[in-house]
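Here's what TrEMBL has on this protein:
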- 24-45: transmembrane segment (TRANSMEM)
- 24-439: domain 'Ammonium transporter AmtB-like' (DOMAIN)
- 52-74: transmembrane segment (TRANSMEM)
- 115-134: transmembrane segment (TRANSMEM)
- 139-160: transmembrane segment (TRANSMEM)
- 180-198: transmembrane segment (TRANSMEM)
- 210-227: transmembrane segment (TRANSMEM)
- 247-268: transmembrane segment (TRANSMEM)
- 280-312: transmembrane segment (TRANSMEM)
- 332-352: transmembrane segment (TRANSMEM)
- 388-417: transmembrane segment (TRANSMEM)
Amino acid sequence: MSLPSNLHPDEASPPWLNKGDNSWQLTAATLVGLQSVPGLVILYGSIVKKKWAVNSAFMALYAFAAVLICWVGWGYRMSFGDKFIPFLGMPNVSLDAQYLIDRAFLGYLPNATMIYFQFVFAAITLILIAGALLGRMNFLAWMLFVPLWVTFSYTITAYSIWCPGGWLAKRGLIDYSGGYVIHLSSGVAGFTAAYWVGPRTTRDRERFPPNNILLMLAGAGLLWMGWTGFNGGDPYTVSTDASLAVLNTHVCTATSLLTWLILDYIFFGKPSVVGATQGMITGLVCITPAAGVVQGWAAILMGMMSGSIPWYTMMVLHKKVWFLKQVDDTMAVFHTHAVAGSLGGILTGVFAVPKFNRLFYMVTDWQHYIGLFYGFHDGRSTAGFRQLGVQLLGILFVVFVHATMTSIICLLISLVVPLRLSEEELQTGDDAIHGEEAYALWGDGERYKSKHNSVYEENARPPSTKGDDDCFKTFWGNLLSRPR
């Protein structure tokens, strides 16, 4: 039976390339990219006070661009390249034309597709860390933090857990799509960096209302829908397992959102929109390490736990534990990502289905990939306990690596530039830092001018000798005195 002409191998489509898989992988990567730009750019810019909208959104946008350059320069090969040390790959560039069109280490894809797909995961990790630092970090310090952290911290866990040669990968750790590499990592690193940077002003900590809840929901919606590519793209193939991962993702997320909403209603008497958004995020995070290896009923249970346990740690425990109260984590990434990511990793060790693990990992020796629940069911409780132990070991490793490396990076940066903004900048916000503001009210467009957004010289038009108020009065006086 002959193939259709469009499926015949040629120089641009070698025999190993699967066009369907490659198309989906590029689409999934773009969906994940949209979670960051514009998703988290919008979410961050709208969930903070008006005076921090530009700075918060720009921290996300800068990180997205900076990570890409580091990624193709050396980061990708450190995460997925040849072994350098047991937990890190050899640094090397990923820009050689022949290398980019060669087959990737997994899947029926070229390296160029795999580099792009893995880049958007690395980028969103840094952007999630930014959530803990909004409203007070020196932007120059952030510009230094991003390349240093992706180079010396992110690559370690990515190689150890996701690269086939990584030591935790060899032990059989199940992290379907980044519960450890992305979310636990960003939660721990964000909390640690927030400790070193210091808190927001007292006034901001006491009252920090969103400047635009509708835009916040738009950003949250992009984050939720983008997770279709986040979890659906990790089998690196268009498969039944990818479909399972997508459905489980949305089922868990919806359950988590509703659980958080009900708890807010019971204990605070009002259905909080911000709270529901947090519940959405914890559901997305919790299902991520398990998305394609658990059944639908397990996704429901995980959603109920991800909507309640992080809710408890954030709303109750945080106010009682002295150390937690000392760290100003603006977006509560410790609870929404570190706690929810750890919870998801542990529950993966409980609910992972052996058959689904075989579909995902495509290995014949898959005895290690069995959840504790199925270990009891199949009479293999030892293997189930071993899997749960590996999941816990992974949590300890990620916490140790990122708490240590983030502290070292922050301390090194503090030797060069202050980690925290000056008191004057903290009081003023965007206008003092960037010379720009998010929203222009009546007359603000005249007062807040940026010399970077016009092709005209500043003095191209003679300045008015009248003040803004005089111009305003003259305009309306002339208008009202006109004959009718």
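Quick reminder: no glycine exception, Cβ is built from N, Cα and C everywhere.
Where the annotation comes from TrEMBL, it is an automatic prediction and has not been curated.
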Distant-in-sequence neighbours of the transmembrane segment (180-198), which means Cβ under 8 A and at least six residues beyond its ends: 121, 124-126, 128-133, 136-137, 141, 145, 149, 153-154, 157-158, 161-162, 173, 285, 288-289, 326-331, 333-342, 344-345, 394-395, 398-399, 402-403, 405-407, 410-411, 414, 419-420
Residue numbers, six or more beyond the limits of the transmembrane segment (388-417), whose CB comes under 8 Å of its CB atoms: 138, 140-141, 144-145, 148-149, 152-153, 156-157, 160-161, 168, 171-175, 180-181, 184-185, 188-189, 192-193, 196-197, 342, 345-346, 348-350, 368, 371-372
Non-local residues, at least 6 beyond the ends, that sit with Cβ under 8 Å of the transmembrane segment (139-160): 55, 58-59, 62-63, 66-67, 69-71, 74-75, 78-80, 87-89, 118, 122, 125-126, 129-130, 133, 166-169, 180-181, 185, 189, 193, 197, 397-398, 401-402, 405-406, 408-410, 412-414, 416-420, 433-434
Best-contacting stretch, by C-beta pairs under 8 Å, relative to the transmembrane segment (280-312) and drawn from 24-45, 52-74, 115-134, 210-227, 247-268: 247-268
Closest-packing stretch to the transmembrane segment (24-45), where packing means Cβ pairs under 8 Å, from 52-74, 115-134, 210-227, 247-268, 332-352: 210-227
